[in-house]
Amino acid sequence: MRSIYLVGFMGSGKSSVAEALYEKTKKPILDTDQLIVEKYNLTIPEIFAQKGEPVFREYETNILKSTPIEDAIIATGGGIIEKDENRTWLKENGRVIFLQTSWEEISLRLVDDQSRPIWNNQARDKQKLLEDRTPFYLEVADTIVSTNGKKVEDIVKEILADENNL
Ligand code: S3P
């Protein structure tokens, strides 16, 4: 079975959904951000501050292509769909689930977040970023799951109800 790749904006719940899917399926879970931190020995904010976003994006592509394409669940970073190369790779190799969350809900969930360099960059219009990225999430998605107002367990039930997902 193809690995599941969870995509969606920051705060859409990819990591929590991956953990809950693990509880149900016992398939190994991976997280591209965590793999980047382990491989390059720097935190995500350190990579953005010391090397810049383009270098982070190169690391992210390297890591994406190193993930197992069979029998795993992989939570990805919210910007992974920005590069054509990554979208092509995801469409060719993954079973992609887009966790779609409204701007209202994302901004409530991340109100106190200090850990995400793009979220904390005052110069960036994050609502516009969500609008700009949405067509890319839709382009790669095999399944779209709206997460608005839903508990993680309900999202997981919805994912597992589709036999193509596991
Ligand atoms: C990013 C999202 C983050 C992380 C990095 C960049 C983005 O992951 O990859 O800070 O560009 O949206 P999460 O989506 O898990 O927050």
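Heads up, the Cβ atoms here are built off N, Cα and C, so glycines get one too.
TrEMBL labels come from automatic prediction, so no person has curated them.
Per TrEMBL, the features are as follows:
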- G11, S12, G13, K14, S15, S16, R116: ATP binding site (BINDING)
- S15: Mg(2+) binding site (BINDING)
- D33, R57, G78, R133: substrate binding site (BINDING)
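Screening the binding-site residues G11, D33, G78, R116 for a C-beta under 6 A from any atom of ligand 1 leaves D33, G78, R116. Looking at S12, S15, S16, the binding-site residues in this record, the fewest other C-beta atoms within 10 angstroms of the C-beta turn up around S15. Those residues noted as binding ATP (G11, S12, G13, K14, S15, S16, R116) have their most widely separated CA atoms at a distance of 16 Å. For K14 (ATP binding site), the nearest neighbour among the binding-site residues D33, R57, G78, R133, judged by Cα separation, is G78.
Here is what falls inside 10 Å of the CA of G11 (ATP binding site) among the binding-site residues D33, R57, G78: G78.
Annotation for R116 (ATP binding site): same-chain Cβ neighbours under 8 Å, separated by at least 6 residues, are M10, I44, L110. Those residues of the chain, other than G11, S12, G13, K14, S15, S16, R116, with a C-beta within 8 angstroms of the mean position of the ATP site C-beta atoms are G8, M10, V17, A75, G78, L99, R109.
Of all residue pairs in D33, R57, G78, R133, the annotated binders of substrate, the farthest apart have Cα atoms separated by 18 Å. G78 (substrate binding site): 22 other CB atoms within 10 A of its CB, across all protein chains.
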